[in-house]
Amino acid sequence: MGGGGEGAAAAEGGSASRELDQTPTWAVASVCAVIILISILLEKALHHIGEWFTKRRKKPLFEALEKVKAELMILGFISLLMTFGQSYITKICISHAAADTMLPCRLKKETIDTEGDESHDVAHHHRLLSDTVVDLGVKRRVLMRGETGSSCPKGKVSLISMNGLHQLHIFIFFLAVFHVMYSAITMALGRAKIRGWKMWERDASSSDGEFSNDPSKFRFSHETSFVKQHTSYLNKVPVSFYAVSFFRQFFRSVRKADYLALRHGFITTHLAPGISFNFQKYIKRSLEDDFKVVVGISPELWTSALIFLLLNIHGWQTLFWISIIPLFTILAVGTKLQAIISRMAIEIKERHAVIQGIPLVQLSDHHFWFGRPHLVLFLIHLSLFQNTFQIIYFLWIWYEFGLNSCFHNNFKLLVARVITGVAVQCLCSYITLPLYALVSQMGSHMKKSIFDEQTSKALMKWRQAVKKKQGKGPNKSPSGSPTTSPREGSPKATQMNQLH
């Protein structure tokens, strides 16, 4: 029947050479059952988490979860396209000269007997990218064991081998799993930081009426704790001013006097002095809104990932630079946010005013780079993504090629990169992102999260109803009665415009 030669080949090559038509049905069904079960459990878990967010009225977190699920779907589509197109991709042939350029590892040039190296390939499965064999002065690529033969003509090789596509599949899986994990860590650390401000909020709420009823609380603005902490002699020189701001982010980045002063300025400007308002809960909702942005992967971030993969060339130390750039960016952002707080304190001192209670900070967008607070959030988003990407890339290399692979030719530099990546993740999640959620409120516009979900919806419906009435007549409602719309320039009209 001609099956003897095939059976011998199968016995010689091992079970790895068996196709699906020669695999027991119970093995296929078992593997599929396990994969389906795991997928269903993960989907149910994400569904229950979404229901819990909905019950707790955590709309920003629910939207962030939906964004994560959408990104997982994109990664799933990428994996499906790679699976479907792998036979077509491997048929794309390029010359040896093109295949030997821009390699992530040094090209090995040594004579290897393909037949005798079979056992060596078994022991180092998934540990070698490729070997270059010199046979009678002609270079040729040796594919890894278990890979189907190349259909390229003599003198050419596949654009990406079948085994290389398999390794890319694993990289996509790492991206999906660890992106969700790092997103959860980011949110957990940020909420833990803001939770520590709850005691300050209780103290501020209980003492809101004390200053207005106690005439002995009058004092010069430069005598307040907030101004004293930020107007030392070191802040008079620009170099020392930014040096102090740089180190302050590591040691009590937000002090009680800072929190109370920013809280007082926000309530006085956007609401009304003495109003009962839980500023800490508002900051927590604002952090959730920012997290909804940070958790996403925009086309710009995907482009930065592709640039990294393109420039990860041997000798360029791209892995080192991609770990250093997020660190510098996060430190610069933290320094800028601390400098904004100090600038507001200096402006209060320069007014030489006599105040009662907490000094009033001036809210303005000009404190931020180019007058755009959202630019700071974009830099945080970009740094978090780049840092997460390089950590995932390290874990993937560790899994596929080992710690002692050609990617990690300098072990000390590898340890420094890993420590830097963990430090950036903790620094950004626990310090920089909560600090931005607080300091970004010092801009000219307030956020929609100042109201809870129900109040915000009611105000939006009320505004839409007023617009409809104004569209039907200049001064008349459908019933003929005059319409009551907020006066242009009034606080309510200003707040409604800021919500949009």
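If you go along the chain as it appears here, the first residue is 1 and each next one adds 1.
Note: Cβ is positioned from N, Cα and C throughout, glycine not excepted.
Annotated features, as they stand in TrEMBL:
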type: TRANSMEM; residues: 26-47; note: transmembrane segment
type: TRANSMEM; residues: 68-89; note: transmembrane segment
type: TRANSMEM; residues: 168-189; note: transmembrane segment
type: TRANSMEM; residues: 291-313; note: transmembrane segment
type: TRANSMEM; residues: 319-341; note: transmembrane segment
type: TRANSMEM; residues: 375-398; note: transmembrane segment
type: TRANSMEM; residues: 418-439; note: transmembrane segment
type: REGION; residues: 465-500; note: region 'Disordered'
type: COMPBIAS; residues: 476-500; note: compositional bias 'Polar residues'
Interface-richest range of 68-89, 168-189, 291-313, 319-341, 418-439 toward the transmembrane segment (375-398), CB pairs under 8 Å: 319-341
Stretch with greatest number of CB pairs under 8 Å, the transmembrane segment (168-189) reference, 26-47, 291-313, 319-341, 418-439 candidates: 418-439
Contact set, same chain, for the transmembrane segment (291-313): CB under 8 Å, 6 or more residues outside the stretch: 60-61, 63-64, 67-68, 71, 102-104, 179, 183, 186-187, 190, 319, 322, 377, 380-382, 384-386, 389-390, 393, 433
